[in-house]
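Copied over from TrEMBL, here are the features:
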{"type": "DOMAIN", "residues": "4-105", "note": "domain 'PH'"}
{"type": "DOMAIN", "residues": "143-303", "note": "domain 'MyTH4'"}
{"type": "DOMAIN", "residues": "308-665", "note": "domain 'FERM'"}
{"type": "DOMAIN", "residues": "312-354", "note": "domain 'Ras-associating'"}
Amino acid sequence: MLVFPVKKGWLLREVAGSWIKHRRYWFVLSHDSLDYYTGPEKGARRLGTLVLTSLCSVIWPDKQTYKEAGYWSITVYGRKHCYRLYTKHFNEAVHWACAIQKIIDTKSPVETPTQLLIRDIEENKFNPEVVEHIYQHNTILKYTQGPMHAPLLPFPYGNLEHTYHNGKGYGSVREEAVKLFNCLQQLELAREPVPIIQGVLQTCLDLRPLRDEVYCQLVKQTSHTPSPNTAAHLRYWQLLTCMSCTFLPGSTVLKYLRFHLKRVQSQSPESEMDNYASFISEAVEKTKCRECVPSWEEIQMLMNRQEMLCTVHYPGCGSCHLYISSHTTANEVVRRMQEKLGLQDSKNTFALYEQNALWEQPVAGNSLIADVLTSFTTKESESESQWKLCFKLYCLLDADGISVDSIEYLFLFEQCHEMVVRGQLPACEEDLLALAALRLQSLMGDFSTHAPFPPLDELFPGHMLETRVLMSLSAPQAAPPCQVAAQDCPATQRFPTGLLAGTLWSHSATVAHKQKMENDMRLRSRLKEEAAAVMTAILERWKGLAGYSSRDSMAAYLTIARQWSGFGSTLYEVDFYISSTGNFSQKLWLGVAATSVSIYKQGESEALESFPYGQICSYGVSDSNTFKITAGDRDLIFETSKLTEIMQLMNAYFSAIHRQRGKGEDPDTITFTESTDVGFRHMASTPTPTLLELPSHPV
């Protein structure tokens, strides 16, 4: 049959095992293959052929290779061969790459024997005799002890998706598929299977195409096993359990998996395989793709089909222990905590927080708690600080309706004190000293010289001490004599530059370093003196509170705190841009509360401006680092690192307002729908609004 060439011409090809790096050959591209010859003449000898299929791939020319080699290169991957071709001309390289890619794109998709058999099983799943015949006559579907030399599913030759993870040492996807099967077989003999399981899951998380492949490999290794009830064989079921709780396969492989599980259950009822199959069947109905590979603890729990014990802390040094699965979300934990603590009827809303000694952040409601706990392990190894989950008040919608005898009142007190210590509750120094004394009374009871009490930074905002000391130290002081003498010296009498310049510079640097150390010592000394004076003032006030109960102290504390008009607000530090062009920025607080959004000068109690929610037309993230609120005809633009948190909290308050007003029955109800602008919420008056859920829910 006569084959017409699509393209032909001279190209250089990389030659392995020769002192000559490149050799010149005559290449001919046809509709079926890429061939190369000794020359263009009619009787020239063909030296090689690369058959083109839908699995072949082409790497296009890039500047880096040109800089290194002085040639523009293209690489063509086939099943058995890889051609690295070079040319001096960029246009020629592009034309060859385009022509080869067009031929590849015209080829029908290649299907592996495994794919064809999966299709046959799907078509005959209601005919057990045919299915058994398929299994009996196709060993590729059944358990094997030997190595695997090619993937069960089709992957492009030389696929470069793995280059995004080169730092982890991955090869091509085809190579990794074969390696994974070897890892699966190692499970049978491994003393400690968890590291192997974790490694397989990590590879599948990084290289998405391998997920279907590993599911098929596990179905194969759990079918027609010679010793199905041994511990070695059950390792495959344990890995399949972990896979099913981490990510799902594609729809075709998922159907195949479900069929396999039902088949095992019908063939081996009341067995361990039956138990694992039942667990996996339930898991795949709930699983969403995980952000993290399951932790060591979670894998051990999954291998035994058990739940993990999770500790959730709450304000006041309390905690609850809850059992969670790989599918438990923050929403579910919030609901269970409310039930445990008797807070189901509260008008306020709650959320989970990731928290350490210096930082906290609300957990999105659709987040998997297993992922959050796994991330703690990574964070603790990086920062050496302990992380925990904390259940706290989130939207303070009804501060006055909280019973003094309820645990919710303790939450309010503790979270208010957190704001005081962080310096986010504007108050005069006298009130701050009174609050610190009331805090001691609520914790320790009446004053005693023998009672150990918390350090000052847990009672009083530390930045106030630093500010006061720095202001006193920055007062003008007399210049040192050496500086005065230098100022009075005529210019002609100063040392000239030259030989002594280095010596003078060294002396100046030494003097500056010494002066800096003296200033630091003076600052530390003054801070200690100031802290001692403040602590003495707090203790004096504490003595005057004798007889106050813990509840009385909390009530008095909150009475002082409520004097601030912004009580109940969540404050975020922002850079506020006074003009829409981004000029004249000023560091302020953005306070998000139950009825309005306010702007405060940091440390001041009166709001510069306040915008009730009824006046806000839209709000949201306008780009990667700015938040915009439109109120009437004004655009307020902020820059902050808390974009998502602000957005979620405002969504939560608007949602709560809508629910409280009867879901649209009141004509003045504020409702809102999604806008076409990504990242923005626009207020609108619609009969059936879309509710945005709380931050402990998806937003």
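Cβ coordinates come from backbone N, Cα and C, glycine included.
Heads up, TrEMBL stuff is auto-annotated, nobody curated it.
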Secondary structure composition of the domain 'PH' (4-105) [DSSP: H/G/I, E/B, coil]: 23 helix, 42 strand, 37 coil
Long-range neighbours of the domain 'Ras-associating' (312-354), counting only residues six or more past its ends (CB under 8 A): 245-246, 283, 286-288, 290, 294, 298, 302, 360-370, 372, 375-376, 387-399, 401-402, 406-408, 410-411, 413-415, 418, 652, 656, 694-697
DSSP-assigned states of the domain 'Ras-associating' (312-354) in counts, ordered helix, strand, coil: 11 helix, 17 strand, 15 coil
